[in-house]
Amino acid sequence: MFAEYGVLNYWTYLVGAIFIVLVPGPNTLFVLKNSVSSGMKGGYLAACGVFIGDAVLMFLAWAGVATLIKTTPILFNIVRYLGAFYLLYLGSKILYATLKGKNSETKSDEPQYGAIFKRALILSLTNPKAILFYVSFFVQFIDVNAPHTGISFFILATTLELVSFCYLSFLIISGAFVTQYIRTKKKLAKVGNSLIGLMFVGFAARLATLQS
């Protein structure tokens, strides 16, 4: 399938993409957290931020920026530490709000939803490993002799985004269903938020120690 567009072993790629999307990460956790705390609207706004951020990174990977980042340690470290700092900021904010017994979002609906989208977008964009991953993964399924490899890259990128959309939609709908139950269980909600905050701190530590 799509062999005429320079895509190799598409079905193998699709299986690999599904497994990759299922691996827990900060983006997935952020979407799930907001679907529980802010409902389906908050969850899908977070997902939109992730989708746009990933699309930008995929385009940059195709444009050759990934090679620049890989061969320029200073640039890689700048993006890496910015991402780690932002993850630490999100985790600390969640933990602080949980300990104080407050909601980590503001009371105003519009600023809250706008902030969710912006945080998800920044979270997605400040991950230098993602852009390097897209190149190393996609290149295995692209025929370098194809006349238009950009089309091949677009097909693979779109497939990954669709798989991600399906999985995140499942998380958002599931999170929305348990929202009412969580809100009636104060202690359970506090424990859940604390674990989410700690996981973000853990993701920050892991990103800060990664090498290009």
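Positions of Cβ are set from backbone N, Cα and C atoms, glycine also.
Taken from Swiss-Prot, the feature transmembrane segment covers 12-32 (among others).
As annotated by Swiss-Prot, transmembrane segment applies to 49-69 (among others), with the evidence given as sequence analysis.
Remote same-chain partners of the transmembrane segment (71-91), defined as residues 6 or more beyond its termini with a Cβ less than 8 Å from a stretch Cβ, comprise 26, 30, 119, 122-123, 126-129, 196-205, 207-208, 210, 212. The annotation transmembrane segment is assigned in Swiss-Prot to 71-91 (among others).
Within its own chain, the transmembrane segment (122-142) is flanked in space by residues 6-10, 12-13, 16, 20, 26-27, 30, 49-50, 52-54, 56-58, 60-61, 65-67, 69-70, 76, 79-80, 82-83, 86-87, 90, 149, 152-153, 156-157, 207, 210, 212, which lie at least six positions past its ends and keep a Cβ under 8 Å from the stretch. Residues annotated as transmembrane segment in Swiss-Prot, with sequence analysis given as evidence: 122-142 (among others).
What Swiss-Prot records for 153-173 (among others) is transmembrane segment.
Feature annotation from Swiss-Prot assigns transmembrane segment to 188-208 (among others); the stated evidence is sequence analysis.
Of the recorded ranges 12-32, 49-69, 188-208, the transmembrane segment (153-173) has the largest number of C-beta contacts under 8 angstroms with 12-32. Away from its own ends, the transmembrane segment (49-69) comes close to residues 27, 30-31, 75-76, 79, 116-125, 127-128, 130-132, 134-135, 138, 150, 153, 157, 160-161, 164-165, 168, 212 of its chain (Cβ-Cβ under 8 Å, at least six residues beyond either end). With a cut-off of 8 Å between Cβ atoms, the residues of this chain six or more beyond the transmembrane segment (12-32) that come close are 43, 46-47, 50, 53-54, 87, 90, 119-120, 123-124, 127, 137, 140-141, 156, 159-160, 163-164, 167-168, 171-172, 175, 196, 199-200, 203. Here the transmembrane segment (188-208) has long-range neighbours at 25-26, 29, 33, 36, 80-81, 83-88, 90-95, 97-98, 101, 104, 127, 129, 182, meaning same-chain residues at least 6 beyond its ends whose C-beta is under 8 angstroms from one of its own.
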